[in-house]
Amino acid sequence: MYPAHLLVLLAVCVSLLGASNIPLPSLDFEQFGKMIQCTIPCEESCLAYMDYGCYCGPGGSGTPSDELDRCCQTHDNCYAEAGKLPACKAMLSEPYNDTYSYSCIERQLTCNDDNDECKAFICNCDRAAVICFSGAPYNDSNYDIGTIEHCK
């Protein structure tokens with residue numbers, strides 16, 4: 001396991017906030033962080049992912065720089081799809097008020113059956129991202145790569 005994976009939390013969250021073409025569904029930073037900690041225990045700061053690759057951080061464009069950056073791109077795209085669901089429309093206006101229900105048992109994440117359609121979709125976006133992060137190495141050379149030059 002790669003202890004730096006917890007750092008993905010902030011990058012993904014900032015990426016969602018900074019991308020103008022991605023609607024913002026329910027996003028509970030603490031909840032997503034706990035999901036990451038369930039699968040990838042770590043006590044490191046999120047700052048190393050604030051400017052990682054082309055998608056882990058504010059905005060997102062171009063070709064992902066590596067597997068980890070593809071995880072961030074996929075997560076961004078998943079949230080964009082959530083924004084198209086009729087069930088998510090009401091949630092989009094109050095993105096921080098609702099959280100989904102999930103469980104973490106022996107480092108296994110499960111989105112619970114009591115979620116409504118939108119919460120279930122978002123929970124599965126986050127779950128898939130965390131699983132992706134857990135299998136993707138952190139490449140120091142993709143930190144602060146200069147998105148203007150490398151992410152076209």
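Note: Cβ is positioned from N, Cα and C throughout, glycine not excepted.
These figures come from a predicted structure and were not determined experimentally.
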Next on the checklist: Of the residues D76, D113, only one is listed by Swiss-Prot in the Ca(2+) site with Y55, G57, G59. Which is it?
Outcome noted: D76
Item to check | Disulphide partner cysteine [Swiss-Prot] for C123, chosen from C104, C111, C151 | outcome: C111
Checklist outcome for this item: Among C54, C56, C71, Swiss-Prot lists the disulphide partner of C132 as C71
Checklist entry - According to Swiss-Prot, which residue among C38, C42, C72, C78 is joined to C56 by a disulfide bond? => result C72
Next on the checklist: Taking Swiss-Prot as the reference, C88 is linked by a disulphide to which residue in C54, C104, C118?
Outcome noted: C118
Item to check | As recorded in Swiss-Prot, which of C54, C78, C151 forms the disulphide with C125 | outcome: C78
Checklist outcome for this item: The residue that Swiss-Prot pairs with C38 in a disulfide, chosen from C104, C151, is C104
Next on the checklist: Quick check: of the disulfide-bonded residues listed here (C38, C71, C72), which one has the Cα closest to that of Y55 (Ca(2+) binding site)?
Outcome noted: C72
Next on the checklist: Please report the three-state DSSP label of C56 (disulfide bond).
Outcome noted: strand
Checklist entry - Which one is closest to C88 (disulfide bond) in space, judged by CA to CA distance, out of the recorded positions C56, G57, G59, D76, C123? => result C123
Checklist entry - If you measure from the C-alpha of D126 (active site), which of the recorded positions C38, H75, C78, C118 fall inside 10 Å? => result H75, C78
